[in-house]
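Peer 1: Quick paste of what Swiss-Prot says about this protein:
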TRANSMEM  46-69  transmembrane segment
TRANSMEM  135-158  transmembrane segment
TRANSMEM  175-199  transmembrane segment
TRANSMEM  273-291  transmembrane segment
TRANSMEM  330-353  transmembrane segment
TRANSMEM  369-395  transmembrane segment
TRANSMEM  417-439  transmembrane segment
TRANSMEM  517-535  transmembrane segment
BINDING   Cys559, Cys568  [4Fe-4S] cluster binding site
TRANSMEM  575-596  transmembrane segment
TRANSMEM  643-665  transmembrane segment
BINDING   His654  chlorophyll a B1 binding site
BINDING   Met662, Tyr670  chlorophyll a B3 binding site
BINDING   Trp671  phylloquinone binding site
TRANSMEM  707-727  transmembrane segment
Amino acid sequence: MALRFPRFSQGLAQDPTTRRIWFGIATAHDFESHDDITEERLYQNIFASHFGQLAIIFLWTSGNLFHVAWQGNFESWIQDPLHVRPIAHAIWDPHFGQPAVEAFTRGGAIGPVNIAYSGVYQWWYTIGLRTNEDLYTGALFLLCLSAISLIAGWLHLQPKWKPSLSWFKNAESRLNHHLSGLFGVSSLAWAGHLVHVAIPGSRGEYVRWNNFLNVLPHPQGLEPLLTGQWNLYAQNSDSSSHLFGTSKGAGTAILTLLGGFHPQTQSLWLTDIAHHHLAIAFLFLVAGHMYRTNFGIGHSIKDLLEAHIPPGGRLGRGHKGLYDTINNSIHFQLGLALASLGVITSLVAQHMYSLPAYAFIAQDFTTQAALYTHHQYIAGFIMTGAFAHGAIFFIRDYNPEQNEDNVLARMLDHKEAIISHLSWASLFLGFHTLGLYVHNDVMLAFGTPEKQILIEPIFAQWIQSAHGKTSYGFDVLLSSTNGPAFNAGRSIWLPGWLNAINENSNSLFLTIGPGDFLVHHAIALGLHTTTLILVKGALDARGSKLMPDKKDFGYSFPCDGPGRGGTCDISAWDAFYLAVFWMLNTIGWVTFYWHWKHITLWQGNVSQFNESSTYLMGWLRDYLWLNSSQLINGYNPFGMNSLSVWAWMFLFGHLVWATGFMFLISWRGYWQELIETLAWAHERTPLANLIRWRDKPVALSIVQARLVGLAHFSVGYIFTYAAFLIASTSGKFG
């Protein structure tokens, strides 16, 4: 008999129903559950798949470069970044009539095109790319890297090149190489690129391989480095009248501490960025030499952890047993990696708009909005994944004997206190915030807006003032003109910071009031509730008072049959599933807040946000409804326009989102009956009954239907908001 899908599970392959296909797809990446898997093969498979992942990333970025070089307008955009719209790629669509062709032909193109809202033009311009040839070269280079990655992945699956289990378990060596090699050397290389290519490029000097060795990045070369006069590299920085990409107003400094933004590009000074990467490189190169490997010097991570026993025995045996627990659990390691990456991604969203690093990106409002929203949603999915794998760790990998009375065991021992405190915080935030919003709604409805409860965020304003924002009149730390920190800041360090923080045209430390106070607490409610669900799911994954033997049922189970009431919906998977809805809604509030606040800032009518954001009707009417007007006007006498595609996507997103509920609010028996009726009709219909199936059609399992529903809900939700965000922003600002 020919091998049927899935080949990794002979038990599933022999299943006579369509369950074989769905369960096969669901467990394809759960290598641990595959037939004949060993720990060594598990590590080797994951290692090889990383190369495949890299190949896909390189291919994708290569495609971006290639299409912009081929169909974009990079060279004409460079001439006037503020007024030429950057083109992502051409659109070829046989359905386009003349109105559509005209609507989508823009940015100086000869036919219909898509506009780029990803910020790649600004990024490439900042790092020194100037011609289409540069873009093609980059695309080709990344294509080669992609091919090399694929070959490396294949190679590491060959018997001779398969790394051993001990190689994967060597934490010290891996940490040294990742810290020094991955972060240290790459940061140093990037600092080098900025100094040798990007900074000269910003001063009108075109450095490529043919003149790379002839152009000195600094007039004094390596002399200041070798003689210890490093401050010479910071002298004669670009002036405030510097025109980016030209020598007009340019200086010669390469490593500075100016602070603030380049007046023309509204982005961080390139010389500050180079300095930052050099410092990061130094730190990581040092950090990558800290752990003990072949030479018997440096720290042993196990010894470090075992020594961490808090005084007074207040945390039991401290970190004893943690080294082996983490080192032997891929899920624990993945959970830690995802938690870190999730936080970093959210920080990227925050910093890309508040401290923009790329030239002219701050004036491309649609791109700013798209990048913020994109990174926040990505962060949300990554963070929920961290808790999912944390729960799988507790079910599959946690060993109580190995972790007796250490910090991990003690987390489980007092989980009731953790969960109930989170629950209390969520309830407090939810009822108080909703209470304030609803009170304000009623006051507005009754025509007495002066009776609203409006709370000034004085603590946050004080923190902003301490960092130098003077508009609140707090006169503290950096906003106190008489203080030593203020006076030192004008000359010694970051002289541009205080100018930037008090400049109203950027997004640095936005002025906040009662509307911000309320939405901040609404977001805090969402964050705490999402965390509550995720933390409870992980801490109760092994068992709870209701179901002490939960771990024996695995990560995702629907119920333990009818004989045992109350065991439905309490698997660790169900907690993850529920948390994703909360995560999406929380990030919805975050992005609504960010977008509305910025639209009013960019349009110069901040009072609209300040006055309308203190009650729910204000959000619904003046943000959602008002800004979706271009998307919901249906067919009109003017026909097609460049926002039509977003209007269609807005509708389609709602459709996908609503389809999710068909899977979420239904029961398996209903679908099973429907399928059997359809199968009966199929078998009795002439011609149709010539087509037979090998697998008996059965309804999706409860857990699978939930996953399908969740996927539709998530994708529809994001499609809908993406269309709204891009159309409402580009419709106003072009």
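Backbone N, Cα and C define each Cβ position, glycine as well.
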Peer 1: Using a Cβ cut-off under 8 Å and a sequence separation of 6 or more, which residues in the same chain sit near the residue listed as 'chlorophyll a B1 binding site'?
Peer 2: Gly716, Thr720
Peer 1: What else in the chain is close to the transmembrane segment (330-353), if you only count residues 6 or more beyond its ends and a Cβ gap under 8 Å?
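Peer 2: Counting only partners 6 or more residues beyond its ends, the transmembrane segment (330-353) has Cβ contacts under 8 Å with 42-43, 46, 119, 361-362, 368, 371-376, 378-380, 382-383, 385-387, 389-390, 392-393, 396-397, 507, 594, 598.
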Peer 1: Whole-number Å distance between the CA of Cys559 ([4Fe-4S] cluster binding site) and the CA of Tyr670 (chlorophyll a B3 binding site)?
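Peer 2: Between the alpha carbons of Cys559 ([4Fe-4S] cluster binding site) and Tyr670 (chlorophyll a B3 binding site) there are 18 Å.
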Peer 1: Most CB pairs under 8 Å with the transmembrane segment (175-199): which of 46-69, 135-158, 273-291, 417-439, 517-535?
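Peer 2: The stretch with the most close Cβ contacts to the transmembrane segment (175-199) is 273-291.
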Peer 1: Cα within 10 Å of Cys568 ([4Fe-4S] cluster binding site) is the criterion; apply it to the binding-site residues Met662, Tyr670, Trp671 and give the hits in sequence order.
Peer 2: none
Peer 1: Go through 46-69, 135-158, 369-395, 517-535 and flag the stretch with the largest number of C-beta pairs under 8 Å relative to the transmembrane segment (417-439).
Peer 2: 517-535
Peer 1: Let me check the 10 A CB neighbour count of Tyr670 (chlorophyll a B3 binding site). How many other CB atoms are there?
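Peer 2: Result for Tyr670 (chlorophyll a B3 binding site): 10 other Cβ atoms within 10 Å.
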Peer 1: Look up Cys559 ([4Fe-4S] cluster binding site) in the DSSP assignment and reduce it to helix, strand or coil.
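Peer 2: It is coil.
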Peer 1: Does Met662 (chlorophyll a B3 binding site) have same-chain partners at least 6 apart in sequence with Cβ under 8 Å from its own Cβ, and which are they?
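Peer 2: Gly709 - these are the non-local Cβ neighbours of Met662 (chlorophyll a B3 binding site), listed in sequence order.
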Peer 1: Have a look around Cys559 ([4Fe-4S] cluster binding site) and count the other CB atoms within 10 A of its CB, chains all included.
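Peer 2: Its Cβ shell of radius 10 Å holds 15 other Cβ atoms.
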Peer 1: Return the residues near Trp671 (phylloquinone binding site), defined as same-chain residues 6+ apart in sequence whose C-beta is under 8 angstroms from its C-beta, sorted by sequence, else 'none'.
Peer 2: Ala699, Leu700, Ala705
Peer 1: Which state, by DSSP, holds Cys568 ([4Fe-4S] cluster binding site): helix, strand or coil?
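Peer 2: Its secondary structure by DSSP: coil.
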Peer 1: I'd like the Cβ neighbour count for Cys568 ([4Fe-4S] cluster binding site), meaning other Cβ atoms within 10 Å of its Cβ, all protein chains included.
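Peer 2: Cβ-Cβ neighbours of Cys568 ([4Fe-4S] cluster binding site) within 10 Å number 15.
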